[in-house]
Amino acid sequence: MAAESLPFAFETVSSWELEAWYEDLQEVLSSDEIGGTYISSPGNEEEESKTFTTLDPASLAWLTEEPGPAEVTSTSQSPRSPDSSQSSMAQEEEEEDQGRTRKRKQSGQCAARAGKQRMKEKEQENERKVAQLAEENERLKLEIERLTREVETTRRALIDRMVSLHQA
């Protein structure tokens, strides 16, 4: 399984959010190991329905478009009776939630792309700075060598002059 970058700048997320996301990820991964389906004992259809209707799809918004638990929430509901207006309302709410989740996924992916772009730009800027500093360092080394030679030449000239004044 390949790691993906986060859809946001790392410093904008609080530790409690990261912890909650980590717990959600653990739940998703454990359900993936089981096969991505929810297995219930016979006669628990009502409890199963509660489980999947209370699952918050927004917590899974950062997942990729790959099939997984987000699809399970939409397909694993108990059968509806045709005269039940509550179940149709619940279905509409769930569809709205899934629509919001898709929008969040898309905006999260856009944010991830923007974050990656900023990281690339920052990396390129840092590389330019390193190159500039290396050039500046080399220039300063050459300047130090030149000044060292000049000081040595001046020192010799001064010593020669003092010796010639002493002899005269």
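Note that Cβ sites are derived from N, Cα and C of the backbone, with glycine treated the same way.
Taken from Swiss-Prot as is:
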COMPBIAS  118-130  compositional bias 'Basic and acidic residues'
MOD_RES   Ser14  phosphoserine
MOD_RES   Ser15  phosphoserine
MOD_RES   Ser30  phosphoserine
MOD_RES   Ser31  phosphoserine
MOD_RES   Ser78  phosphoserine
MOD_RES   Ser81  phosphoserine
REGION    10-26  region 'N-terminal'
REGION    10-18  region 'Interaction with TRIB3'
REGION    34-130  region 'Disordered'
REGION    100-129  region 'Basic motif'
REGION    133-147  region 'Leucine-zipper'
- Task: Let me know the DSSP-derived helix, strand or coil state of Ser15 (phosphoserine), please.
- Result: helix
- Note on the structure: Across the region 'Leucine-zipper' (133-147), DSSP yields 15 helix, 0 strand, 0 coil
- Task: Report the member of Ser15, Ser30, Ser31 (the modified residues) whose C-beta atom has the most other C-beta atoms within 10 angstroms.
- Result: Ser31
- Message: Need the DSSP three-state call for Ser30 (phosphoserine) to compare against my parser.
- Response: helix
- Query: How big is the gap, in Å, between the Cα of Ser31 (phosphoserine) and that of Ser15 (phosphoserine), rounded to a whole number?
  - Reply: 24
